[in-house]
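> What follows is a structure written as structure tokens; I'll ask about it next.
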Amino acid sequence: MSPPLLKLGAVLSTMAMISNWMSQTLPSLVGLNTTTRLSTPDTLTQISPKEGWQVYSSAQDPDGRCICTVVAPEQNLCSRDAKSRQLRQLLEKVQNMSQSIEVLNLRTQRDFQYVLKMETQMKGLKAKFRQIEDDRKTLMTKHFQELKEKMDELLPLIPVLEQYKTDAKLITQFKEEIRNLSAVLTGIQEEIGAYDYEELHQRVLSLETRLRDCMKKLTCGKLMKITGPITVKTSGTRFGAWMTDPLASEKNNRVWYMDSYTNNKIVREYKSIADFVSGAESRTYNLPFKWAGTNHVVYNGSLYFNKYQSNIIIKYSFDMGRVLAQRSLEYAGFHNVYPYTWGGFSDIDLMADEIGLWAVYATNQNAGNIVISQLNQDTLEVTKSWSTGYPKRSAGESFMICGTLYVTNSHLTGAKVYYSYSTKTSTYEYTDIPFHNQYFHISMLDYNARDRALYAWNNGHQVLFNVTLFHIIKTEDDT
């Protein structure tokens, strides 16, 4: 207990003792007991209050006068003596005071208990405040780290934010037209015939067409982020490929599955992702040639793959069940001459994006660095090529998005998109876009423009990564 509370307890105890003493002792002090002892220097006589008038003592003063002391009967003392009445009134006041002190004592005891309770609560609050102070430092550190991570995520957006200015103007125009049309429709509801319906219908169709054109322009963008993966299925060996057709209709969701990177010719087909997960095959194709690597692609109903132990590209039609075209990729290394970091005859990587069909490989003429070639999907002829300065053997995997090649720095844990090359501007840049290599070994990584996702074969697991693209809306003035 703290010193102030000890002092309060001592005061309360003292007040109680004083009250008890006054109620018991004060009457005897003022001479109001039933028996009273009076003494003088001459005599000491005990007088009963029930007796009549009696002489108690006599004496002579210095002037020679006789002085007698008498005792009146009890009834006269109680009823006639003014001093007696004053003493009784004093006694009553003392008794009343004693009762008041008792009440005060009870209240003080109650308040004392309340103070003790409050002292305990204050100690508890003090401990809680101390804990909050300790926790605040920890929380501040945690919140600061979270803010720093968010700021790091926003940093890549800074160089491209200026390009939103022209886009915002176009979007504002769209909003204004929609607002005007809404006002017209509201007016028609209030007053039929105020506007020509056909004219209004044409305006709606025109706006819809413009919005669709705008959406088409949104299909391309710059890669900003990769999230996931989502594990679709676990099957096959450590190496393989699985894919869908980016040019297929919305109702056509067929999946093709090619296990292993060599010594195989069997392609399994599934009608949907659900059938693929359950293992319900719809058809099996036996190719005329074995494939090399895992970097195949299905594009517009046909399979494009690298023929085993060669730099020949094969186009195989699933609907016709036969080879439609084949062509040698001039100077391209093959059979583990210029593979990705994981090997597996991954010298020639075939891929597709929003622009078309591509081949990524390396040549002696380009010192083993990556070459990008755009292919004619019917004849397999190279329509244009770009030579980069990135070594093919240092790349983990690569994929195309909107004419830009993105290269990872490894196929193992800690891999990230490290390098990009734009075929539009013939320029490159080093990037830092991490992604989660959940199963530690990636042997296939391809972009699907329809699904806006990366298909990957991750150590015997078929997974999907979501991509975030930064879109730039082009106006008619930009063309």
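Glycine too: its Cβ is placed from the backbone N, Cα and C atoms.
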> Name the cysteine that pairs with Cys220 in a disulphide bond per TrEMBL, restricting the answer to Cys66, Cys402.
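That record, TrEMBL, gives the partner as Cys402.
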> Choose the correct range: of 30-76, 171-217, which one does TrEMBL annotate as coiled coil? Give that range.
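Of 30-76, 171-217, TrEMBL gives coiled coil for 171-217.
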> Do any residues at least six apart in sequence from Cys220 (disulfide bond), in the same chain, have a Cβ closer than 8 Å to its Cβ, and if so which, in order?
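Those within reach of Cys220 (disulfide bond), by Cβ under 8 Å and sequence separation of 6 or more, are Glu354, Ile401, Cys402, Gly403, Leu469, His471.
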> Restricting to the coiled coil (171-217), what is the model's mean pLDDT?
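Here the predicted model's pLDDT, averaged over the coiled coil (171-217), is 65.
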